[in-house]
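Annotated in Swiss-Prot:
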DOMAIN    26-355  domain 'Protein kinase'
BINDING   Ile32, Ser33, Ser34, Gly35, Thr36, Tyr37, Gly38, Arg39, Val40, Lys56  ATP binding site
ACT_SITE  Asp158  active site, proton acceptor
COMPBIAS  376-385  compositional bias 'Basic and acidic residues'
REGION    376-413  region 'Disordered'
Amino acid sequence: MLKEHLDPRKPSGTGYTSKVRVRDKYHIVGFISSGTYGRVYKALGKNGQKGEFAIKKFKPDKEGEIIQYTGLSQSAIREMALCSELDHANVVQLEEIILEDKAIFMVFEYTEHDLLQIIHHHTQPHRHAIPAPMVRSILFQLLNGLLYLHTSWVLHRDLKPANILVTSSGAIRIGDLGLARLFYKPLNSLFSGDKVVVTIWYRAPELLMGSRHYTPAVDLWAVGCIFAELLSLRPIFKGEEAKMDSKKTVPFQRNQMMKIIEIMGLPTKDIWPGIVSMPEYSQLQSLAMSRAPGHFPRSSNLEGWYQSCLKNGGYATSSGAGTPGADGYDLLSRLLEYDPTKRITAQEALEHPYFKNGGPISANCFEGFEGKYPHRRVTQDDNDIRSGSLPGTKRSGLPDDSLMGRASKRLKE
C-alpha cells in the first residue's frame with residue numbers, strides 16, 4: 001500500500017497535509033535512462049540524508065495528447081510490492097515510495113555498474129576476458145540472491161546482464177522485479193496474464209515450447225546464459241525474436257530455438273520426457289524436418305563451445321584460480337539442462353565443486369582487479385524530475401531498470 005507522508009503536527013484522520021516532495025528530500029543530479037515505464041534519475045540526499053540514489057519515476061498512461069490517470073501497470077505494482085518486502089544483500093531493495101501529483105517515485109540506492117556494462121567494457125577496444133575470480137564471485141552472489149528469491153516463493157522471470165547490478169564495492173544486486181511473481185499455490189497457471197516472460201536470449205526451452213506451468217528452473221537457465229556470456233563476452237543463444245501478430249498470439253520462437261539446438265543438440269523425449277506434451281512440440285518436429293538430416297547435432301556440443309571459449313579468452317584449460325576449469329563446465333551444463341525437472345537448483349549450484357574447490361570467494365567481485373570500469377553516464381539534459389518528458393524509448397546502451405540497487409528499508413527474513 002502506498003503511503004504519503006503525514007504532517008505529525010496534525011491529528012490523524014483529518015486528511016493529508018504538508019506532503020514531502022521528491023525535491024524536498026533529494027537533489028537531482030541528472031537524467032540516466034528512460035523506458036516504457038518512465039524515467040530514472042540520479043540524486044543525492046538532502047537535509048542530512050547521505051548517499052547517492054536512483055529515483056525511478058513511473059509515467060501515467062497517455063492517450064493521444066491527453067494524460068489519463070488510469071492507475072499503475074501490473075509490472076509497477078509487482079515491483080513496488082515485492083521490493084517493499086524482500087530483504088537480502090544480493091537483491092534490490094526499496095528505500096521509499098513517494099506519491100506526488102499523481103506520479104509515483106521509487107527511490108533506490110544508486111549502483112554504479114551492471115553486468116551488461118561490464119561485459120561491454122571487456123570488448124573495448126579489443127576483447128579481454130573477465131578475470132576468472134570475478135566471474136566466480138559474480139555468479140556466487142547472483143545464485144545467493146536467487147536462492148533467497150526462490151525460498152521466498154518468488155520467480156524473477158527476467159534475469160539478464162542488464163538487470164544484474166553491481167555496486168562500486170563489488171556487491172551484486174538482482175534488480176528489476178517488474179516481471180517477478182509469487183509461485184506458491186497459484187490460483188491460475190503462471191502463464192495466464194503474462195504470455196511472454198524473460199528476454200528472448202535468456203528464455204528457457206520450456207518457455208519456448210509453450211509451457212504454462214513453469215517453475216524456478218526458468219531462472220536457472222537464465223543464470224546459465226549469463227555465466228556463458230561472462231566467459232565469452234557475447235550472448236550464447238543470440239536469436240531473433242518473432243513478434244506477436246495482431247491477435248496477440250504468441251508465436252513459436254523458431255530462430256531462438258534453433259540457436260539453442262545448434263549448441264545443445266536436438267532435444268528428444270529420451271533426454272526430456274516431458275517435451276512430447278509441450279504445446280509447441282509439433283513446431284519443434286517441423287523445425288527438425290525442415291533441415292537436411294544431420295543439420296542439427298543429435299548430442300550437445302556445449303563442451304566444445306566451452307573449451308573454445310576458454311581458449312579464446314586466454315583462460316587456462318587446466319584447473320586453478322585463473323580458470324573456470326572442468327568444474328565450471330560441469331556447472332554450466334547443469335544450468336543449461338533441457339529438462340527443467342533435472343536442471344540444477346540455486347541451492348545445489350551454490351554447493352557445486354566450482355565454488356567449493358576454488359578457495360574463498362570474495363564478496364567484492366572486483367577484488368584483485370586492477371582495472372577500472374567507467375561510471376554511468378549522467379546528463380543534465382531534461383533532468384527536471386517533475387516536468388521531464390516521458391518518451392517510450394530508452395537511451396542507447398542504458399537498459400531499462402539498470403539502476404536498481406540496495407536500500408535500507410528491511411523486512412527481517
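Note: Cβ is positioned from N, Cα and C throughout, glycine not excepted.
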Average model confidence [pLDDT] within the domain 'Protein kinase' (26-355): 89
Whole-number Å value for how far Gly38 (ATP binding site) lies from the residue listed as 'active site, proton acceptor' (Cα to Cα): 18
Protein Cβ atoms within 10 Å of Asp158 (active site, proton acceptor), excluding its own: 24
Residue, out of the binding-site residues Ile32, Val40, whose Cβ gathers the largest set of other Cβ atoms within 10 Å: Val40
Cβ packing number for Ser34 (ATP binding site), 10 Å threshold: 23
Cβ neighbour count (within 10 Å, all chains shown) around Gly38 (ATP binding site): 21
